[in-house]
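Working notes for the structure below.
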């Protein structure tokens, strides 16, 4: 979450400086700078996602060094899930906090002819963003592990498209439906990237746990009784 906040801080600084040095009376230019700021924010988020991956890899190597069996107690898939979920949660909180503050009032949504589904669509959009960041984290980490740069490009491009679709609001049908289609596609991709297949689905539905190939060795030595 801290890494995500730092990325947004840097992107907001870039946008703020660009606004200050530009013509504020030009509405078209300011709208273009807003789109530019959103694109910079996406690129910085993904750059910080990679930086966090590198940091976790170093931590993983350290944990493997001090462990008894020479392996880290936390898998890279678990790290990817937690990292992506944290990015999604802080992103959702950051985007919806002002909306919730405005929901307190005063005022009525749609009183001037605007959409009455503003808060509802904002909630669904925030939920999609949380899921997307979780899926992006899993795909991104798996791509870094397996050295698949095109998968990383796919994550960045889908993130840019999702961010760009939000500029279609308040035409919610044109933004929310494609975003959920992207969310569904990213979910399937993340499932495959994490090693899922039809066999794991059947095991999950049958509530069967995968047998471990590790051998547990018990010592016959007894601890002496204390006097």
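Backbone N, Cα and C atoms are what each Cβ position is placed from, and that goes for glycine too.
Marked as signal peptide by TrEMBL: 1-19. Annotation comment: TrEMBL describes 28-48, 79-97, 117-143, 150-168, 174-194 as transmembrane segment.
Only residues 6 or more beyond the boundaries of the signal peptide (1-19), in the same chain, are considered here, and those with a CB under 8 A from a CB of the stretch are 30, 33-34, 36-37, 40-41, 44-45, 47-49, 51-52, 86-87, 89-91, 94. Tertiary proximity for the transmembrane segment (174-194) is limited to same-chain residues at least six positions away from its ends with a CB under 8 Å from its CB atoms, namely 77, 80, 121, 124-125, 128, 131-132, 134-136, 138-139, 142-143, 151, 154, 158, 161-162, 165-166, 168. Same-chain residues lying 6+ beyond the ends of the transmembrane segment (79-97) with a Cβ under 8 Å from its Cβ atoms: 1, 3-5, 8, 45, 49, 52-53, 56, 60, 122-123, 125-127, 129-138, 140-142, 194.
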